[in-house]
Amino acid sequence: MKVVKAAAVQISPVLYSREATVEKVVKKIHELGQLGVQFATFPETVVPYYPYFSAVQTGIELLSGTEHLRLLDQAVTVPSPATDAIGEAARKAGMVVSIGVNERDGGTLYNTQLLFDADGTLIQRRRKITPTHFERMIWGQGDGSGLRAVDSKVGRIGQLACFEHNNPLARYALIADGEQIHSAMYPGSAFGEGFAQRMEINIRQHALESGAFVVNATAWLDADQQAQIIKDTGCGIGPISGGCFTTIVAPDGMLMAEPLRSGEGEVIVDLDFTLIDRRKMLMDSAGHYNRPELLSLMIDRTATAHVHERAAHPVSGAEQGPEDLRTPAA
């Protein structure tokens, strides 16, 4: 049975620099490749960084200030030199890489998850379908085209970001599509220990229901970085310690390694796919333990288009001259 060496990566972005953060990610992919890692998950929108500032700034402050503008400037276009660099690093390491970026498409930002196969090919670009609370001031909404599991060199991979793990239908879409490895991403630092505890519930429950491995990555900010990007604007809210929970969960919902709760590093675990079969013999949520004739999910995986073109058809008589359109005399 197949065994895949997987890594959940806890890493700090280089604030306000897309290029420096990408360089750091590329270096980490190389290091993991030297350790024989075949699959790696990086944190939510780690390139260039998660918009932590939006948790404490009002809409007016975001519009008149510089934080949102800087993020727009440093965001990632897909494809671009930034994505090319990550793909090339994945190719050189022979590694499947799942990573979160702030994607810029025109004048709109999206919380986007990218998946690169071991040959460096970008095989999935999905956007968070519903940004959470204050995130809606920053990101647009994604569509259903990315709510699917994708075949890769290491198996079928599904991706969700942060509070999407509280959407049971989104999770079931991936379960029913046969994901074997679930790549979960959260922002981590600055949201408190309660955030980490709820995250643990989310990812362990998803592993239990899906019968898949969950490789979960959170980002780390040190105290100086938190003070730099999260400024108390008078609402009495500032940085909160805690919020990281980088780990890997087995298909039966049990933790396979002690989670990283602070600092940079990675959790590396060998994923024995026999464990998937053992779990699904007991409970296959999209198979023998389901009743699709009673309960089923409808999903629209159509990619959203802002313009829909229709072919022009001549109106009856439009090709006739004025003389031809006269009403015949009685």
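Glycine too: its Cβ is placed from the backbone N, Cα and C atoms.
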* Asked: Can you say which of 121-141, 310-330 is given as region 'Disordered' in Swiss-Prot?
  -> 310-330
* How big is the gap, in Å, between the Cα of Lys128 (active site, proton donor) and that of Cys162 (active site, nucleophile), rounded to a whole number? -> 9
* Asked: For Cys162 (active site, nucleophile), what is the secondary structure state per DSSP, taken as helix, strand or coil?
  -> helix
* To do: Taking the Cβ of Glu44 (active site, proton acceptor) as the centre, count every other Cβ atom within 10 Å, in any protein chain shown.
  => 25
